[in-house]
Amino acid sequence: MKFVDEVRIHVKAGDGGNGAVAWRREKFIPRGGPAGGDGGNGADVVLVVDPQLSTLLDYRYVREHRAKSGEHGQGSDMNGRDGEPLVLRVPPGTVVKDAATGELIADLGAADERLVVAKGGRGGLGNMNFATSTNQAPRYAEDGTLGEERDLVLELKLLADVGIVGYPNAGKSTLISRISRARPKIADYPFTTLVPNLGVVSWRERSFVVADIPGLIEGAHEGAGLGHQFLRHVERCRVLVHLVEGANPEEGRSPKADYEAINRELALYSPTLAEKPQILAVTKIDVPEARAAGEKLRKAFARRKQPVEVHLVSAVTGEGMPELMDAVGRALYAEAPRRGGRGRRLGKPRAEK
């Protein structure tokens, strides 16, 4: 399933209907008074959160959204009908911004939450409203006002419990395919994952949603690589699983350096990101050199002032996966580690500046 992260749409609320100029035309009443009805109010444009939606895909193809105008007033004191609100359904986690100013309008998360993004125009008054003792036959009525019109930017932040972060090609897509039924595109080159993938993991009698966040690189906080486009998805995750490649990293890189570089990017984008609980997983330990690098990293991180829980895993053989998922489940549901486990308490990593 493709996740559309950001779309720009144009919304136009309905105009108010015009008031009517009309007169009573009844038998035996030669000089009937004014009888022009009021115009109906224009329809609002309303965003409504729909928990059944998970993407903004529909708005990629239909970007113009116009609500109906109110009907004009009529004779015999008949008012025009109000326009029915135009409801645009969006998934939970949709952030609404003004396209012209960049101003944050709302962050929509709760099911059935409603937001009026364009207010309909007010209906005009008919001439019956303007009759006075000195002017009993007003020949004018009020026009309806125009409905609001604006451009909006909708951004989707995935609502996942756990975010899997790391350098491109660290094994994130392989991991999520191993622990859930998700089947992301996987290949041996960076940026295979161009959109976030979601998987549901069953843990004991509970479940949680995992998001495979596309690869981050140095400079991501400034938009490098796939930068800002994906860092926003990390913000709502409660726990981060940080993957580092144990075998064959590029020249000049190491598992420890990768870990610190990504945490630095998280901190530069938003200080609260680097403070989220993290579990570090060294991948590809089916390769001997990766296992050795992982053991070395585990010992080094155990000596830190704030120890970081380190797991050695292989998505190919499945080794270490149950222990990793157990650690994630405990972190989410604040359970104590099982007796005899090797895991250490979760640390909140500090990015090195």
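Numbers run from 1 along the shown chain.
Using N, Cα and C of the backbone, Cβ positions are placed for all residues, glycine too.
If you look up Swiss-Prot, you'll see 1-159 marked as domain 'Obg'.
Positions annotated as domain 'OBG-type G' by Swiss-Prot, on the basis of sequence analysis: 160-333.
Around the Cβ of LYS284 (GTP binding site), a 10 Å sphere holds 24 further Cβ atoms from the protein chains shown. Taken from Swiss-Prot, the feature GTP binding site covers 166-173, 191-195, 212-215, 283-286, 314-316.
Marked as Mg(2+) binding site by Swiss-Prot: SER173, THR193.
Here the domain 'Obg' (1-159) returns a mean pLDDT of 90 for the predicted model. Comparing local CB density within 10 A for the binding-site residues GLY166, SER314, the maximum falls on GLY166.
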